[in-house]
Amino acid sequence: MSQTYLSLTVELPEEASEAVQDLLHESGALGLEVRDREAPLMPGVRGPNPGEAIIIGYFDERDTAESARDEVASSFPEAKLTLDEQPQQDWSNEWKSLIKSVHVGRLWVGPPWDKANAPAGTVQLVIEPKMAFGTGDHPTTSLCLAAVDAYMAEHPGAAVLDVGTGTGVLAIAAKKLGAGRTVATDNDPISVELAQENQAENGTPDIEVSGKELTQVEGTFDLVLANILANTLIELAPLIVAKTKDRLVLAGVLSHQRADVEAAYRNLGLTVLTGATQGEWVRIDLQR
């Protein structure tokens, strides 16, 4: 383990605090600190001014921290950003307190240490988050799980593609709800390895999990899921649309990014459906 970790400090208007917290979470932060003007601070630690928020994301990899910084800068150009290196702390148990189980439709999704609390009668997914995104508790994942639950109820046996699978949670949910061919891809080798571990843990060995590019994935799919960041969704739009036979579900999009993402896919011939929102996050549903 590295002897240092990185802290990304974000200073910006307090009305954007929740959205920034969600974005840092999605971008791979191991933990977040939100400084409150009402709470006592350590000597020498600056609290926010009136109308200001200070959010600090903690990372153990420089590439991840720098990528998160760039995403925040792109989405919140008014933010002041500071990336610092700090002495390493023991994160081995601290991050577990940040992970919560969720109950979405027929699905219960949670970490191994909370499995005993899963309600009877639910379709249970045990997801070990480690360093990949997607345990169910983040709004973007919950929004996608609801879409998977609804689609699979009406289309048993549907072929499903999960782009940017992270922990594999969406692909595993689809398979456990009755999907046919299920493919999960991610360009992060750590995510691929973890998704394969979660696949084995959940008894879904026939999901095709790999680091393949979309151009290497054969066939088209009834349901395509892509819970990644808005800029990447726009960049990959032609490839994602080419794999979509019926329904496309996009997430990882903040409300102010919605119009641009929808336009990219509408221009490729898809029809925008109602979708869903949770806080500052939106889910965009499209039809071939």
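Every residue number used here counts from 1 along the chain in the order it is shown.
Every residue gets a Cβ built from N, Cα and C, even glycine.
For Thr141, Gly164, Asp186, Asn227, the entry in Swiss-Prot reads S-adenosyl-L-methionine binding site, with the evidence type sequence analysis.
Following the DSSP three-state reduction, the secondary structure of Thr141 (S-adenosyl-L-methionine binding site) is helix. Neighbours of Asp186 (S-adenosyl-L-methionine binding site), defined as other CB atoms within 10 A of its CB across all chains, total 26. Counting every protein chain shown, the Cβ of Asn227 (S-adenosyl-L-methionine binding site) has 28 other Cβ atoms within 10 Å.
Cβ crowding, taken as the number of other Cβ atoms within 10 Å, peaks at Thr141 among the binding-site residues Thr141, Gly164.
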